[in-house]
Number of protein chains: 2
Amino acid sequence: MKIVKTVSAIREEVRKIKAEGRSIGLVPTMGFLHEGHLSLIEAARAKHDVVMVSIFVNPLQFGPNEDFERYPRDLDRDERLARNGGVDILFCPGVEEMYPGETAMTIHVTKGIDVLCGASRPGHFDGVATVVMKLFQLTAPDEAFFGQKDAQQVAVIMNMVETFNVPVEIISCPTVREEDGLAKSSRNVYLTEEERQEAPFLYQALQKTAERAQAGERSREQLLQFLTGQLEGGSGAIDYVDVLTYPALEQQEKLAGRIIFAVAYHYTHARLIDNIIIEIEGEEA
Amino acid sequence: MKIVKTVSAIREEVRKIKAEGRSIGLVPTMGFLHEGHLSLIEAARAKHDVVMVSIFVNPLQFGPNEDFERYPRDLDRDERLARNGGVDILFCPGVEEMYPGETAMTIHVTKGIDVLCGASRPGHFDGVATVVMKLFQLTAPDEAFFGQKDAQQVAVIMNMVETFNVPVEIISCPTVREEDGLAKSSRNVYLTEEERQEAPFLYQALQKTAERAQAGERSREQLLQFLTGQLEGGSGAIDYVDVLTYPALEQQEKLAGRIIFAVAYHYTHARLIDNIIIEIEGEEA
């Protein structure tokens, strides 16, 4: 596995790969790799000649009161996991390498960001879109692999690729979970023991709500109320719960089509997100 | 010469060219080609295996009270000129092809746009950056050729390429002029006969001002005043005159380094721009 830290070096690697006509699968991450990331690497491995993983904790997508500084980092461990996962190139540039000067422009997302994490984290998806655009330009992947846990991120990046005609396919992979159902996340390490015990109730609440919908309940209002009820009594605080069309992320009073049930929940030192996406039969509004 | 009108067809052309290892030089235009464009085509021809010209009057870069609707168009003539100029591929998509859906995001330019055309035309460079990003993604050129007449545009696009690590070299080519010095522009056709007679005085004013600077005048204030004075008595109206560093486009009271002298001038049915860029000896501030 090659470890590449500079813009000029990754360009040179990409140039060589392209000259040989080999395909590239990219897994963009913020590091502190877990089995969710490993499943993305596996998916990329299965389809591409060259698997690249990027590790970059992107300051642009963190708000001033968010956890950029204390976001977990362990590059040695990440290197080991990536190597074992069959990664060919690990691209881990520093902040100075990615943002060397004053920012001259950003991508400003205007659609599908007034809900979920977009509403809770103003500017977050501008930062995500900007850094993913940079990573795509630098690594020129044929496909890029993202986890469905960050469902709104996937929607924004699909929009970005379409808006700017970026020649990259976006592949959304299923959320990987702990045995008790908790979605794998780099931030899980910040849960207290009690919080870790309790946290699977987020997924259980989503499951029960999705089951209600599949059993025939079509009212967004009713399902939202039910989901909220399931989360009462938890030791943390709800950031948001929502039931929306996917990937458009629009409200629909009588649900039909592809629907996301989503939650964000604040624990003492970690904000967790999770979601379930299902197909609901019926005529779309 | 191939004429390509769709996103899918241009992608297929680019795929074939890349597979053969051939280089691409792109000349992005809004059509109504003149000798300025032809000089860009010639520059691209001299360096690249394949020359592409795009023709797209981009609605996103026109303000609500600007001349999008009546911007001059003549695709038959453009095709003939491009063919005679040795263009290999003419890419001329319709608005629906370039903007098929609701805009989900734009590039928002934050630096170097509070002056010159950026100040006169709010949002203009967001539209320019967005469409040029799309064109670069679609045509994957090794180099793209722009005219220095649109000096701020060149600066913004250089910034864009740097900000998003777009793998395209930006080449700025000298402004092509009529025999009397008037900068070639698609909008010159909208000048009345009298205006056309008078218009070369814009370039003369820029020349005289640049000569003053080269003769030793270093005060931005003095040169601005002199330039403004040169334009008095014209039958139109000054939109702006300015003297700035280039390409940063910053004010510098005692001039040194690369300096742009720029003017925008309103005639009855056309707004003309022109500039001169010179190197001024001395210590930069």
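Including glycine, each Cβ sits where the backbone N, Cα and C put it.
Noted in TrEMBL for the protein shown:
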ACT_SITE  B:His37  active site, proton donor
BINDING   B:30-37, B:147-150, B:Val176, B:184-187  ATP binding site
BINDING   B:Gln61, B:Gln153  (R)-pantoate binding site
BINDING   B:Gln61  beta-alanine binding site
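Across the structure, B:Leu33 (ATP binding site) and B:Gln61 ((R)-pantoate binding site) are spaced 19 Å apart at their Cα atoms. Rounded to a whole number, the C-alpha distance linking B:Gln61 ((R)-pantoate binding site) with B:Gly36 (ATP binding site) is 20 angstrom. Cβ crowding, taken as the number of other Cβ atoms within 10 Å, peaks at B:Leu33 among the binding-site residues B:Met30, B:Leu33. Cβ neighbours of B:Gly36 (ATP binding site) (same chain, under 8 Å, six or more residues apart in sequence): B:Gly147, B:Lys149, B:Thr175, B:Val176, B:Ala183, B:Lys184, B:Ser185. All protein chains shown were included, and the count of other CB atoms within 10 Å of the CB of B:Ser186 (ATP binding site) stands at 20. Packing around B:Gln153 ((R)-pantoate binding site) is summarised by its Cβ count: 23 other Cβ atoms lie within 10 angstroms of its Cβ, all protein chains included. Counting only the Cα atoms, the space from B:Met30 (ATP binding site) to B:His37 (active site, proton donor) is about 10 angstrom.
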